[in-house]
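For reference, the structure discussed in these notes is given below.
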Protein chains: 2
Amino acid sequence: MGPTTPIGAGEGGSATTTSDTAQLVDNEEASTSSQGNLGKTVHFEDEIENDDLEGSHGIRRRQPVQKFEPGSLNILSAKYESLDYDTCENHLLLDEERKRGYPFVVWKGIARWFIFLLIGVITALIAFIIDICIEEFSNIKYSELKKSVDKYVIEDKLYIPYLLWVLSNIGIVFIGAVLVAYVEPVAAGSGIPQVKCYLNGVKVPRVVRFKTLLVKTVGVITAVVGGLAGGKEGPMIHSGAVVAAGISQGKSTTFNKDFKIFQYFREDHEKRDFVSGGAAAGVSAAFGAPIGGVLFSLEEGTSFWNQALTWRTFFGTVVSTFTLNVALSAYHGHPGDLSFPGLLNLGKMEPFPFQFYELPVFMLFGAAGGLLGALWNHMNYRLAVFRIRYITSPWLRVVEACLVAAASASAGFLMMFLLNDCRPLGEDPTKVPLQLYCADGEYNALAAVWFQTPEASVRSLIHDPMGSYKPTSILVFVLCYFVLSTWTFGLCVSSGLFIPNLLTGAAWGRLGAIAIQLMMPNTPINPAKYALVGAAAQLGGVVRMTISLTVIIIETTGQISNALPIIITVVVAKWVGDFFNEGIYDIHIQLAAVPLLPWEPPPLTHNIYASQVMSHPVFTLRTVENVAHILEVLRMVSYNGFPVVDPPLTDDSEVTTYKRLRGLILRSQLIVLLQNKIFNENANSAWSNTKVDMDMFRTEYPRYPTIEEMQLSEWDKTCTIDLRPFMSPSPYTLPHRASLPRLFRLFRALGLRHLPIVNDVNEVVGMVTRKDIARYRVWRHRGHMGMEELLFSGEV
Amino acid sequence: MGPTTPIGAGEGGSATTTSDTAQLVDNEEASTSSQGNLGKTVHFEDEIENDDLEGSHGIRRRQPVQKFEPGSLNILSAKYESLDYDTCENHLLLDEERKRGYPFVVWKGIARWFIFLLIGVITALIAFIIDICIEEFSNIKYSELKKSVDKYVIEDKLYIPYLLWVLSNIGIVFIGAVLVAYVEPVAAGSGIPQVKCYLNGVKVPRVVRFKTLLVKTVGVITAVVGGLAGGKEGPMIHSGAVVAAGISQGKSTTFNKDFKIFQYFREDHEKRDFVSGGAAAGVSAAFGAPIGGVLFSLEEGTSFWNQALTWRTFFGTVVSTFTLNVALSAYHGHPGDLSFPGLLNLGKMEPFPFQFYELPVFMLFGAAGGLLGALWNHMNYRLAVFRIRYITSPWLRVVEACLVAAASASAGFLMMFLLNDCRPLGEDPTKVPLQLYCADGEYNALAAVWFQTPEASVRSLIHDPMGSYKPTSILVFVLCYFVLSTWTFGLCVSSGLFIPNLLTGAAWGRLGAIAIQLMMPNTPINPAKYALVGAAAQLGGVVRMTISLTVIIIETTGQISNALPIIITVVVAKWVGDFFNEGIYDIHIQLAAVPLLPWEPPPLTHNIYASQVMSHPVFTLRTVENVAHILEVLRMVSYNGFPVVDPPLTDDSEVTTYKRLRGLILRSQLIVLLQNKIFNENANSAWSNTKVDMDMFRTEYPRYPTIEEMQLSEWDKTCTIDLRPFMSPSPYTLPHRASLPRLFRLFRALGLRHLPIVNDVNEVVGMVTRKDIARYRVWRHRGHMGMEELLFSGEV
């Protein structure tokens, strides 16, 4: 994400072109309505002049100077296109329905289940490949480093293994960073914010392409093997989403290949459903959590709960975790054993019995997690702003990634060098026990934590018996890893934040257990309990998910009886964290100025009317329209939807004002019509000769040619197009006196992209798009709340 | 449910009154629209004449003769009112918003959390009371019976304890049956279908009243103690819903008491949210399954996923299970131990390791569960039809309940008498070991199963070691309990079907384990694994829930590692069962002719237009309307929503045709206006004197006076009312050429009750209500599908 993602053609929330054409519905005309309270739409230009006007009803308006400040959370970008979940019920669709009938409905149903099966299997296989690569490469890396340390510690030339470590880290991370910076910037980070935007209805460019998946896969391997404080779980969710988008569409833009299958799923609505299932399959594979996966895609993504879709998603997540389980079990030499349900394995937890009076302790842990999470988010936000301002070129980003790689290695080395935390060997299993300065038969406890993948370290910190680490070691580790992990997230590499936060949380949770042990020396304290609760609290404080996170942790540890402590902790962490700032994903989404629609309309906005929200004047097309005019309009404005209008029933003196709404046509449909020359008068490509059906539109989906690519002869331009068979004949509309909450609910519940606003006699007076609504946002800060109107950044 | 629930005033899906008033929009008038394909609405009367006309596009129309047949699944009743989730954004609401501001929004947010806390606590306490009563009374009953058996078996007078058993069963069940039959018939059964209807948006009369809760509580205790094959879990869900409705509204109709608190939550939308949370809290208390509770209310209930609501629901379920846990732990003498999370406790399962090749076995179990479940549903459906036809009076229903109580006791007695299944004592714990004809030191295994609550029997059948029962004993038990449980569900007592089906399933699952053991004599077979899978399969085959059922079973057994087998089993059971019929709740809902909206619009209905679906002519009101006319309209028709119209802009010759839509007003609003005499000319109660605000409408919610109760003087009738400040000024509308799926999505996503249909110039031509849409239903049967148009039963 980040403002570095390229600019798509926007719906033009604030078109500045105002040339009057005959079909242009003027604002003043609309006042024929009896209500007649059509306020002026607050345009971008107006804003600058009226900046010191406090909006009515306490609407907070940002000072316009802030809007050019990079890193502001109060700007919406006009560059993002929206997805359209509304079906265009034109004549072609009716024809197709009539021809294909019920067998086709049944067939589509079966195809959907089949695609979910494929999504599950392929997502699991990608997870398998990532896991194996990370494990094998890490093994090689750390055993080589160990050999080097063992060799040079005697010669007192520890700088040699140190340099070796730093250089290997830099080298590995360099590959991933270059790929992300130069090949596919959208593959950076965990991908969860992007998937969240997609499911909300915002098209983040190239987010579900195959190229992104490739870069992500290689990127996440290099990031984890390169020793960064990042995890492979978030990227799995993104990978699942890409897999789902790819399979369900039966084509790949990266390979320029159209398999001509599943063409009937080529629409935003169907694609969104599959992507939501793919993300769930990704969670399922990452954490071995089929139920958590379903809940994740519900909690973070969809707004409309569809039972059939949920059952299919559930099927996909089960297939995903099962396939990964089979594959990993076979790889580890226990085929049929099925004990590797996910990438992250926190190890089998014993059920920890807890007492009534321990609940306040869990709440305290939750509060600490909320505080630390809020701090983590704030630091990461500051860093992100810094990056937007100063780390602007790809090579600088690569350099930063390498710097962090070096810092990670240095931190680890310094820690194990300076804190000589020696433990007797054989007490717990570590793959690469490092003696360093310890006595024979002992190993360096911190080296054990650093010389393995973060997943393995989480396991160690949770399961190692009491007294495996010195308290000071853990404290230094927490501080260090806290800073490293927040520095790493948002870096130009593919990695997630689940594992680093679980690791930090497990570490301070264990610290808490030690503190409790000191206070109650005679009670045996189980450090695993507090380490797990700490991990849940820290992660909950950062991501602010409640239900899905709880279920994921329960499924990962395989212990449902620990549910209550984890639930309490996560809920308290969310409450405390929300007091200070938003979840990290939302912060990054706001930084990228994505017009995300929240769950509910902002409160107390019943006095904001559609007439204030809508964009106008509106560019309309007649039911039978000149090709030349269509071309002109498409070139002039960047709108993506155009109302199709008729002359009014009562012919006034102005015969030229066509305003009566008859339908809605999309830019993409117009472009396909122009491209295929479906003109009325053109004998060469008359209706009878060209096969005009839905597939004509589906072939181009989702990337249509631009209007500039159209090659039309002068003769073509004299033709007309009858738009009626192609337009959506009965779009949802609202009257100009409808309130913002009413607009909002319609948009949110039905996933609309365009909404024509009409007056009392059904004449179009404006258009509302997602951005016009997303501008009104509620702010909540330390118990106070209000409403603010965001600004558009225009084309950055 | 059942057609015995009294009749409410319907929205009048098929009003037969056609008297033309001046404000009546005539059907023919609408053809001024350019599309002009306004088909005739298929009226009930037309249907009878055109019954042999096969609908276009394979729409199957039932023969009208069937519509009078009781027990048909293809009739919708016009008697149910709908709930309205759309906010009426009139001037009063705006005033209130302006006056109260953001602090009120914050306050409402806090109040919501507080109410969910109360819901959780009180639901848990009800569960606690039910559980304790059942346990204590059952203990007394069975130990008395045991004493009697022990005494008379020596004298060979076993008919005495048998009679004692039968009579005690009948006596106890009689109390509950009388309560249900005479005091509150809606308290019969599990209540889940009723809650499901409520959440879907259908008002089932008296379903969330306090009286219902009381009858339900006593009823479920008598049903379980009376030895019926029913459980207490379903009723808990209903109880939670009632608690939520009661607390959130701050008033009780049963006690005729208005606490004047939480008045701002007195609207359908808010109430629905609380009821959904209450149902979840009920599940949570019943099964100790907080996550399962959330999923249940999502899978069975809501259509719009709201994140904030889900978090509150989660909070409520956690509080509920926690409170119950504390209370039960204290009662059982282990305060602070927290080992009683729910009413149903299947006992701690060991994680059962399973092999890859066992998956087909689980699928086979699932298929068996699907088949048996479909059979169970079919038998229960037949029984329900029989009951509707012949068991029509309350006393007959009481007699039937007593008959089943006697049959249950007889079945148990015969079984333990005839199948002398003796086991050595001490092998497993049973509270009331019965020696009967067994040798000393042995006990009758079947008596152990029968002489305890069904919950305890499920635990025994799952956990008892291999060989605790003879295969023939189990087989006879399965057959017997299968029949008893299907006979019991739908009886005039309050009891659920979860436990009996789990019991039946666990029994045949254990039978399956024995069969596998016979096939593989050398492998140690864990019967618990197969018994649990069988229980899940049987229940899944009956109720057809997937995700929530899986999670509930996982949470109840406390073992997440068994997730995969259970998931596979439940999904297969659903698939197989769906091939034959629908889930039992849906069958009962269809029997009650409830106009439930499915999740998706029926396929291939894009060629059915709003003009065909809508009811017309429409009764409209003018923006300023005569009181006499309002009275006349309200008395004449039973519609609940009226479009408010203006004269058209262009004055034609007919000055009297007011058709331009200006707003929508509800019957309830009109009644409150009439009641409070908010008339324009009436000096006594002029606007300035009467306090007109939202609370005036909230006080009456949800049961408004009828129009017949209005006392208006002749002078009053000469007044007018200005409807504009009260009406919803911008209702959602659709053009007459909108397709059925478009109507459907708007209704489903926004929870509408009325939708005015307009022509191209925004004149009202019809109204669509929930029933008009629910009529179009897809049928799926053994792989085939199609669409059928249901009939209205009118006022039965």
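Cβ atoms here come from the backbone N, Cα and C positions, even for glycine.
Record features, source TrEMBL:
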DOMAIN    B:727-789  domain 'CBS'
REGION    B:1-41  region 'Disordered'
TRANSMEM  B:113-137  transmembrane segment
TRANSMEM  B:158-183  transmembrane segment
TRANSMEM  B:274-298  transmembrane segment
TRANSMEM  B:310-334  transmembrane segment
TRANSMEM  B:354-377  transmembrane segment
TRANSMEM  B:398-419  transmembrane segment
TRANSMEM  B:474-499  transmembrane segment
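Here the transmembrane segment (B:474-499) has long-range neighbours at 2, 173, 176-177, 180-181, 185, 187-192, 215-216, 219-220, 222-224, 226, 228-235, 286, 344, 372, 376, 379-380, 383-384, 387, 394, 397-398, 400-401, 404, 407-408, 411, 415, 419, 446, 449, 454-455, 458, 507-508, 510-511, 514, 539, 542-543, 584, 588, meaning same-chain residues at least 6 beyond its ends whose C-beta is under 8 angstroms from one of its own. Of the Cβ pairs linking the transmembrane segment (B:310-334) with the transmembrane segment (B:398-419) and spaced 6 or more residues apart, fewer than 3 are under 8 Å, so the two regions do not touch.
Among B:158-183, B:274-298, B:398-419, B:274-298 has the largest number of CB pairs under 8 A with the transmembrane segment (B:113-137). Averaged over the domain 'CBS' (B:727-789), the predicted model reaches a pLDDT of 86. Secondary structure counts, DSSP: the domain 'CBS' (B:727-789) has 16 helix, 28 strand, 19 coil.
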